[in-house]
Amino acid sequence: MITLGTPGQEFRVSMDTASSNLWVVDKTCNFRQKCNDKCKNKEYCNKNCDVYCCGKNSNISSCDGKIKFDSSKSTTYKSNGRPFSIIYGQGFADGFLGSDKLKFGCIDENNTLTIPNIVFGQATTIDKHAGNEPIDGTLGLAFQSIAINGVEPPLTAAIRLGLLANAIFTVYLATLGSSQKKLVKGGGQFTYGGLDNKNCGKVIGWAPLINRSYFIFEIEGVSYGNSYQSKIRQKAVSDTGSSLIYGSSSIILSIGQQIGAEYNKTANILFIPCNKTYNPITFKINGNKYNLTKEVLTIDVYDPLHLKCLFGMVPQNFPSGSLDWILGAPFIRQYCNIYDIGKSRMGFANVLPKIRKNKF
């Protein structure tokens, strides 16, 4: 949750370490899906058209249900005049830029990070993917070098203004449930300016960033027990905006075969019996081994009987020279991720054990 403006307006945002811009839905957002005339036929629409074109959904905007920023209600808002457009792996947002006071947290929270004059995107158009997510925008946490329009990211501004004790932040993601895991992004804590000593243990190790753009570092290999091992050096990014782990197709499919997962080629995902036990999958990073267990990799999302689960690693080959792995939520649930902006490095720490209740 963040607050923009004076008085504050609250927004639910995705905290994204793989982008660098802040944007929220603007009050002028009213984008509607363009539909083929044939979609007016109910039977045809249900089989061939986007859900936004059918029946009671036909007049729904992807902006509906969002909390929208109203600049006229803020005494600290300043217009910018420049257009804004950002494209993600899934989804996009278009609009214009403005600036206002940003507060990390809710209106009634005290002692939270507050940054003046932050330039942000005011989205007048968002796609259906963003429309389906239970958020009103995105707060990018990566470096300014990849920011759209060269806009200074909020955390970069906070560091420049000396608002943080250290140029660092820590991400802890909770594991929800016991043996069955839900594919959700909620539940966790972002700690700005230092380590999260409440949820995270001692730092296991650090890995230097390849450059100051995304949080990309080198992995030295991936293995599964004694039955599979790859010692190829590859590039990985820590991404809080990804619900799964994406990586080398040959490696993930080989591991999937070893653990007894079923590959659905059409959907390009692996399924695994929910009660299947298997050894940890190990990533070697800067000399340290990080084990991912069944508790974070077996995800219960599809089968109401809890028999078939999703395997939390997806085979994907990236363009040559760009990237090899996206380490999303399963990795961050297993290990607290520490983003040391000042020293250009990533750190990893064990999640402290705690009693968790099943709340789905």
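Keep in mind that glycine also has a Cβ here, set from the backbone N, Cα and C atoms.
TrEMBL labels come from automatic prediction, so no person has curated them.
Per TrEMBL, active site is recorded for ASP16 (among others). Neighbours of ASP16 (active site), defined as other CB atoms within 10 A of its CB across all chains, total 19.
Counting every protein chain shown, the Cβ of ASP239 (active site) has 27 other Cβ atoms within 10 Å. According to DSSP, ASP239 (active site) sits in a coil region rather than a helix or strand. What TrEMBL records for ASP239 (among others) is active site.
Taken from TrEMBL, the feature disulfide bond applies to CYS29-CYS63. Under the three-state DSSP scheme, CYS63 (disulfide bond) falls in the coil class.
Residues or ranges marked as domain 'Peptidase A1' by TrEMBL: 1-349.
The average pLDDT computed over the domain 'Peptidase A1' (1-349) stands at 90. Within 10 Å (C-alpha to C-alpha) of ASP16 (active site) lie the following recorded positions from CYS29, CYS63, ASP239: ASP239. Between the C-alpha atoms of CYS63 (disulfide bond) and ASP239 (active site), the distance comes to 25 Å.
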